[in-house]
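Each remark here refers to the structure printed beneath this line.
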Amino acid sequence: MFTEEDVKFYLAELALALDHLHSFGIIYRDLKPENILLDETGHIKLTDFGLSKESVDHESKAYSFCGTVEYMAPEVVNRRGHTQSADWWSYGVLMFEMLTGSLPFQGKDRKDTMTMILKAKLGMPQFLSSEAQSLIRSLFKRNPANRLGAGPDGVQEIKRHCFFSTIDWNKLFRRELHPPFQPAAGRPDDTFYFDPEFTAKTPRDSPGVPPSANAHQLFRGFSFVAITEEETQPVPNSIVQQLHRSTSQFSDTYDLKEDIGVGSYSLCKRCEHRGTGMEYAVKIINKTKRDPTEEVEILLRYGQHPNIITLKDVYDDGRSVFLVTEL
């Protein structure tokens, strides 16, 4: 659990990041704690754009069933079409979780959780301030048109809310406000805050193993996307093609280190640039499981924001795409 002042700072920076994406017609669609990083100064960095949807304006909707179920908006769960407003519901889930240490809607299984998202009454903890309760209620509107942030003023509705009355948004954007916590990183390649489950491993290539009959149980709780016909149209990939024309391979420039995290269709590792010795994170995406084109396009075109992860390099070896980002 966090104090309300701490939550206020992190949510404010997150609102700036989401507004940046929304202004370009992008729905983020996978907002959860695992996708929010802290840089060496304590400011947030939004990462993992694998489920993001581009080119969604006020006249159109996306229809994929995707994300992590506990953070899904009702309109995503019922597949009636969603817009950027779905991100503000997930934003509310994140706020509730940070303030209370628990999720607002969590059933005994996936189906029960979805039913609760669609129908259950929100249990509001009374120890929260009236301002915090007001913001949470304004975000948890099952009709997306009534949700705070979905109106014609967009993120300005959220910025004007009394919960953020002490935030100077201009200073926040310029990173002039001091974060509530600064990681004690001794070196740029310090991995103290990464889970020892991954950093203790010896880097090695794992052989492929045929899946068992109940292998799907391994992916409970992971982000999921069920793509509809409306979203399977070819995506222009001129930028990606230009990047991949180089004959150099990832292994020519970087050395792989230990695992940082594992997803349902990708693996994140630490890596070291052979020429400079600088360390980065690399997300290795299996192309047979997911087309990474849109994620790369979004990071290249719209990632220039202080609260969004910076893409340093892209490689494609035919089977996998390697996205090199700041560590």
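The backbone N, Cα and C atoms fix where each Cβ goes, glycine too.
Heads up, TrEMBL stuff is auto-annotated, nobody curated it.
TrEMBL has this to say about the protein:
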{"type": "BINDING", "residues": "Lys283", "note": "ATP binding site"}
{"type": "DOMAIN", "residues": "1-164", "note": "domain 'Protein kinase'"}
{"type": "DOMAIN", "residues": "165-234", "note": "domain 'AGC-kinase C-terminal'"}
{"type": "DOMAIN", "residues": "254-327", "note": "domain 'Protein kinase'"}
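Each residue in the domain 'Protein kinase' (1-164) has a pLDDT score, and their mean in this model is 93. Taking DSSP states H, G and I as helix and E and B as strand, the domain 'Protein kinase' (254-327) has 10 helix, 38 strand, 26 coil. Cβ environment of the residue listed as 'ATP binding site': Asp48, Ser266, Leu267, Cys268, Phe322, Leu323, Thr325 lie under 8 Å away, each six or more residues apart in the same chain.
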